Amino acid sequence: MNYHNLTTSDIYQKLNTGENGLDSAEVKKRQLKYGKNELTQKKKVSIISLILHQFKDIMIFILFLAAAISYFVGDIKDTVVILIIVLLNALIGFVQEYRAEKAMEALNKMSSLHATIRRAGHIIQVAATEIIPGDIVILEAGMLVPADLRLTTTHTLKIEEASLTGESHPKNKSSDTLSTENTSLGDRVNMAYKSTIITNGRGEGVVVATGMNTEIGRIAQLLQEDKVKTPLQKRLADFAKKLSFAVIGICIALFIAGWLRGEEPVQMLLTAISVAVAAIPEALPAVITIALALGAKRMVRKNALIRKLPAAETLGSVSYICTDKTGTITQNKMTVSDCWISPEVNKIENLDPMQIMLLGMELNHDVVTTAQKKLKGDPTEIALVAFTRNNQEYKASWQNEFKRAYEFPFDSERKKMTTVYPMNGKWIVVTKGAVEKILEISEAENIDKINTITKEFAEQGKRVLAYAVKVMEELPEEKSVDKFESHLQFIGLVAMIDPPRAEAIEAIANCHTAGIRLVMLTGDHPVTAKAIATATGILQDPSDKIITGTALSALSEQEFEANLESIKVFARVSPEQKLKIVKSLQGRGHFVAVTGDGVNDAPALKRADIGIAMGITGTDVSKEAADMILLDDNFATIVHAVREGRRIFDNIRKFIKYILTGNSGEIWTIFLAPLLGLPIPLIPIQILWINLISDGLPALAFASEPAEEDILKRPPRKTDESIFSGGIVIHVLWVGLLMGAVCLGTQAWAIHTENPKWATMVFTVLSISQMGHALAIRSDIKSLFTMGIFGNRHLIIAVLITIGLQLIVVYLPFFQNIFNTQALTFSELVICLTLSSLVFLFVELEKWTKRRRYNATNLKGDPV
Ligand code: ATP
């Protein structure tokens, strides 16, 4: 359908709608008819495919092989048990992945976009998916167009349509009807297409197509997003593969050695396969996803919404935060505190100077009044509207008397906004904006006075705006911004209070102790920025510098590089400068988090290691570009998220340490027994059992381990630091060897004392010593007793359940039959528990020596 050839009224008629939009009965009908405004759903992972996925694993095939071998040698009992273990393994994998999948789905839903539309004459916000043909959509710079629209009004509206036409230069849009029929998409200037980006201006349009019927819908197949793997996931998948080869090598050696020694080959083969299954950390990459997804879910409860999963992992490495001021460090609750009128101002059209100022405030804003009589829009403008409407000299009739003819919207590059209205047969032009920008375009003689008063306000941390006005007899022929924004009469200043957020002060102090550098990048006045930065602790040291965007662009490349890290506040900076700062910091090896809300912030957000968008005031474009969204726009939330990121990483490390050490213990036990002249102590299904119970619950419980106390006192982790740094490899080897030694010691002693239950004892010691290990490695350095035994309730429960399951296998006759176990006497059980606790005690000893070293070298800090 060629909507661009139809006039607005034709379209309204055709779509059975109007300027005021659809009423609620019609909305219901159309929602049923047209469905959701969505592109083909991203492939949802079905439960069946998740279940099948569990069986794709190569290890599962090896296990099936083991089951088949048992079957052919006539050991039906073993076959059944192996199959049950395969199923249980798959079930655990499924439950874990399903939880992760659900957590991610919920997060994606939260970051879906909203649109502002008019229905039944009221402006409302709805999820973009709820839009239907006939809806009237209100467009603003920074938004993504939510559906295909025929534009009905435009004010310097520019749209970037690269996703559709490949043309990256934004197109000027207008609402005029086009006469040519066969214009290409890129030339249909009175249309706006779904998923394109509004870079400038404002406008309105009527929805002509939604979902898959839109132009982008036709090529939507190309838009399926792939799942991104985090750097750690990639590294670990690679590691798991290499380790698998090593383990398979060990198992082949085990098999050959056993065979040569004259062991039964089939039994030896099954043992080798079981060791391979137990020792290969096949679940590692999946469990990392779970830890990240669950961590992301926890972050959202603290108002940090992770959009890209790798961010959950890398947040802990942030070493530099570039934050903006308004709304992030401050509350964005503006109140006008002062209004100063220049004594030079004369009457205009019978209005005295104060009234001109108040009228200017009424005419120059985009605040709308909702059905509930609430003001909605930019907090700065809401403050101005509230101020003027509460003033005695304000005339309520102004609200209906004036109809806007032209406007040149605010953006953070221009730092001003202009509106034009017909008035008494003439035209009134009102501009408001940053003081220096207004001085550039207006005629004022008392510039020094204006600057002094601005500085006075700014020193109190107030945001200062200036107003200028002119009356034109006639409109200029060319309706360009320069024609309107020139030769204005300077009217006066308004100052607004926007108090700092109380929690920002603490969060900034936390950044300092956590070794994270912090800079403020703001569009606001340098003096205001300085006052807020000092009040919140961003500026601390006398050597900390403040610089303005203008001064910054005057610096040479060398000067810029030399000064960069001593500058704590960048005021009146442009988005390009923001990008440059981010790049330079990254070039110096920093891992940079950057906040942004405007459409022009997208490049800096994309470039940043962690791009952070504002949930409340941020534009769609900034949200799309970001890795994380602050649902409350609050700086303190960033610090919470960094803390959580560090915790997630710590817990992943603990988990890896736990799994690998357990596996190493199993290998040592089986491998060393024959070398010491002992029989192989465990039968295949016992090995598989230990693998199942120890990798299951306790491993997952590490994801709930609370953050260690010093988590925000240590410096950020280097991004290239190996996950195995800090002596993990040594730990895995020596504690594994210790486990092996305890097991084999138990075996040797029991055989020596002619205890026929030696195999059950080794089986029990090996599984329970892993539980002791899990408890001991909750901290790298602190003793379990100072941390509190019940600090991680999930782990305690997991450990108790696992011990319970082990006891069931040892004591219930049904299981004794299957697992070849015998009931231990009370004293034998006590001996097993005591021997198992040796691993716990030795790891506690390892931490004790670490603590001694730490306290000796780190005399300044609190002892641990
Ligand atoms: P931050 O970058 O920390 O959020 P900011 O909100 O001051 O600070 P911008 O939104 O880029 O940054 O605004 C820059 C300047 O433009 C403001 O200091 C103010 O002088 C002016 N300004 C802000 N909002 C408006 C507006 N709605 N109309 C006209 N001028 C404005």
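The backbone N, Cα and C atoms fix where each Cβ goes, and this holds for glycine too.
The domain 'Cation-transporting P-type ATPase N-terminal' annotation in TrEMBL covers 2-75. According to TrEMBL, the feature transmembrane segment maps to 58-74, 80-100, 243-262, 268-294, 723-752, 795-814, 826-843. As annotated by TrEMBL, region 'Disordered' applies to 162-183.
Counting Cβ pairs under 8 Å that are 6 or more residues apart, the transmembrane segment (723-752) and the transmembrane segment (80-100) reach fewer than 3 and are not in contact. Within the chain, the transmembrane segment (58-74) has long-range Cβ neighbours (under 8 A, six or more residues past its boundaries) at 82-83, 85-86, 89-90, 266, 269-270, 273-274, 276-277, 280, 282, 684, 688. Residues 2, 4-8, 151-154, 156, 189-190, 192-193, 195-197, 199-201, 203, 215-216 of the same chain lie 6+ residues outside the region 'Disordered' (162-183) yet bring a C-beta within less than 8 angstroms of a C-beta in it. Confidence for the domain 'Cation-transporting P-type ATPase N-terminal' (2-75), expressed as mean pLDDT, is 80.
Helix, strand and coil content of the region 'Disordered' (162-183), in residues and according to DSSP, is 4 helix, 2 strand, 16 coil. Residue counts of the domain 'Cation-transporting P-type ATPase N-terminal' (2-75) by helix, strand and coil are 45 helix, 0 strand, 29 coil (DSSP-based).
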